[in-house]
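Take a look at the structure below.
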């Protein structure tokens, strides 16, 4: 794998947040109260900066999200496997893509447009014949570098050399730049450009301006958006922390949300956003702090009325963060404890631990060595012991570093550019310009001579093995046209024949490799990193792997840079940008505001570092010259080390041994680095021409009145169902194919579940080399097992999609399992299952909830017990049975015709040749039904002895999710309680950093839940949830009609939020097919039901299903207990119904009150089988319409 990779910390931000099982979530989590149902818009947020990006005060978790298909899975919050039953199509995202839009304007009447990219392929050189670019106007604004992520252990799908880069459209015709301002109230601004390089399908208009206070602003007019957004990136981060108070920048980020002079109520900002279908977030990086929000866009007819635009009110409140924040004394301790809780959440995360170890072993004179998160001790206790006024310190930090000329603002809305310009000029004029220089660090480097030729052996929390090679690299800050590291990482990170990965995998030494360069900070050279995930044999032979790496580098240095390779990369990047689609509004604004800190010409803000514009062999050679034996550091990560751990890292306690590389090993490396064709391994060579490069990129765009809501069923027989929908919204040359091979075998036993999992793992492993070129060319596949069978998904440019599908199917059918490779895959799975016990508690709790709600299923410990007995022969004998009899259901969506969809189904049938599985034998997914008055508690002691956090999931059962009024009431409850619950339980009571509330659905039922991770016991957390709910009954009863109707409007807006791209629509439609409800109009039906609800309806609902005193309420509580209190838990719980509760007064102080429960004694679940046997089971999913209503059958081809 190649691309801009290589930091051990991963950030996903935006409308939905994800983190890998080894990577901490960073950035202010989304506080949207939108429905977290399967058909909600789900997006993968952008990757952020090099540093572990600090979170703000919120940690609101998204539910019902599918993990990616990989043995190291990015997991949804709050649970890894609780989400939807199977993975979505894997999406390769890139770390250097600048967010941009790509939704086409409506074509002229009765016109059919044929759009195509004229592509030629001469001697392996792929080129896109496009219109010339608009000459960029060079920006004179010195800016810091936007940091690209590096991450060590994410699946390769998250890194692609073909970072989504642009083929561009004609620059927009600029508005008259010397036109008079609309209103004399508006301060004069400098218009820098209206001509941005955009994707061909982008229907937005843009303008870059500079306010008189030197604040630079990108204005974005999007007439079709249903969400407005803004983001501010401030050129200050944790590199500016004072040495004795690490985490200052992060703490200031938290405190800005706690009230301003104009809006002094601490949650006024979040309340306003919540009441207008909005959310907010923020993150602190090394050199930037990024704040962003999104809110309902105004109605089209309200284009210029400030009062009726939610964006105006949000901007007014947002601007005050940077004008006059209060840093209230009453909030200081609480927010610093939130920072402390966040830090404790990360203490057992290997991503955080290993990244900090690298930093702690770096040059102490460079800020790269900083501890960036902070904790209560260093931010409050120790400073006050030294006589420091902490509040004053934070105010001084804001005063010292927050200056308008260091800020970059992006505003996106339906309003015209002139209106947005006036608002920006008025509302942000009060941000003071202190004429501060842009932050740069030029005097020191992160790794000096004494830090090189070193080796570090580090002990991880989880059972993982990794080899990490880091090289001080060239500074690419101004090399955005050529980006030499892209060429180098493409070759070093390649996984096809002739690559490093292909060779070390053939030796049984590695499971994965990633490579790439990342910037550290402006003024400092970057770092090139190669990370290899090792097998057991690979750990024993790590020195051999290092020598292979340097032999390959010698090949690259000996071979002049190949222009055909560069042109191949460039062509793929151009196509990716040309057809780039829209991303969620807040993701776009946050991303681009950070990009604005770079020295890119303003015309290139959208294409950013995506495009490769210039082949520069000299710069490539300079980059390769950095990859030499005297210029690197080596880290080996493993729990096994032949010796004793000599040291312990200060902030996270990571055990390690550190020293210089042995002289004899250095000599061997130098020999490898100077190898020639005569002495080099013959298996190493450059990659071949990529055969998956798309050449047919035509898109037929027809005028339509309204896009179709549901797909059509174009084949329906005993063996195959084929669903189809031609893309009628996004008009990109892409398609998504989903295939469900329905079979009862995988879920019959825990052993079968493991066999099916191992089978799909071995198939992916066998396809790794072949599929890598497809991945680079924007074509992806996944194969995974689940309780209902096997799912295959293929997605990307439709041109070569059938080719990849055929290879996947043939591999599935003809798989020959090699025992030596199987042993590696089995061992990898065993470690993955073992490591699950060491994930964050909030990542584990959902799996237990899912298990206790499902009729049949298996948890990790059941799978662990079965795995040791399985052999390669077992899988070789099992998978033909799996494929022998099935029902095949497919969905083809995108730039395809009916005939194409039918051919794909026929291809599946002709290769697999299964027997018909009668419909009476299809597996059925059902959930347990909890009786009225039920009160169940399940206790589990967490296995990580060093973990300090407990966790609770508190689930209130509501009923069958197909009953639309019940579902609507549950969603509206979520909307009404989301912000108050967070404010009370997280902000005021400080129960923990992770606090979430919202609707939760199983395969057939719906409920309402809380998830809290905390150092406080689950029993106490449960009492606080009960107290909140009892108090909210009064809030609901006294809620004004206008507030109630506002909540309804906000929720309806969220439910009807537009899909942003083809993948979102494909995933939504497939989820409705896959769950068998066929409820394609669910969002619209939800909105209609919500509109009908009255306050009396909600009070009745709340008093029946939710309030703790209700005798009809049914509750399931999952208590995950840290080992430190396991003895107390094992002694049992007397009662959870009668509690001495606490509540907050208006000043946020906790006072004692009595709260009477309903007196129900909880049923402690000790035998899960017995527990389930006493409950009824729901009916299986029932389609909302008879399947014949969707049929549009064609004769079989």
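Easy rule for this one: first residue shown is 1, then count along the chain.
The backbone N, Cα and C atoms fix where each Cβ goes, and this holds for glycine too.
All annotation found in TrEMBL is predicted automatically rather than curated by experts.
Note that the coordinates shown come from a computational prediction; the quantities given were computed from them, not determined experimentally.
Per TrEMBL, the feature compositional bias 'Polar residues' maps to 20-55, 163-176. The domain 'Peptidase M16 N-terminal' annotation in TrEMBL covers 217-363. According to TrEMBL, the feature domain 'Peptidase M16 C-terminal' maps to 391-570. Feature annotation from TrEMBL assigns domain 'Peptidase M16 middle/third' to 577-865. Feature annotation from TrEMBL assigns domain 'Coenzyme PQQ synthesis protein F-like C-terminal lobe' to 972-1070. The region 'Disordered' annotation in TrEMBL covers 20-71, 163-182.
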Ask   = Any chance the domain 'Coenzyme PQQ synthesis protein F-like C-terminal lobe' (972-1070) and the domain 'Peptidase M16 N-terminal' (217-363) have 3 or more Cβ pairs under 8 A, given the pairs are 6 or more apart in sequence?
value = yes
Note = Secondary structure of the domain 'Peptidase M16 N-terminal' (217-363) by DSSP, residue by residue, totals 68 helix, 29 strand, 50 coil
Request  = Count the residues of the domain 'Coenzyme PQQ synthesis protein F-like C-terminal lobe' (972-1070) that DSSP assigns to helix (H, G, I), to strand (E, B) and to coil, and report the three numbers in that order.
outcome  = 62 helix, 18 strand, 19 coil
Request  = Within the domain 'Coenzyme PQQ synthesis protein F-like C-terminal lobe' (972-1070) only, compute the mean pLDDT.
outcome  = 96
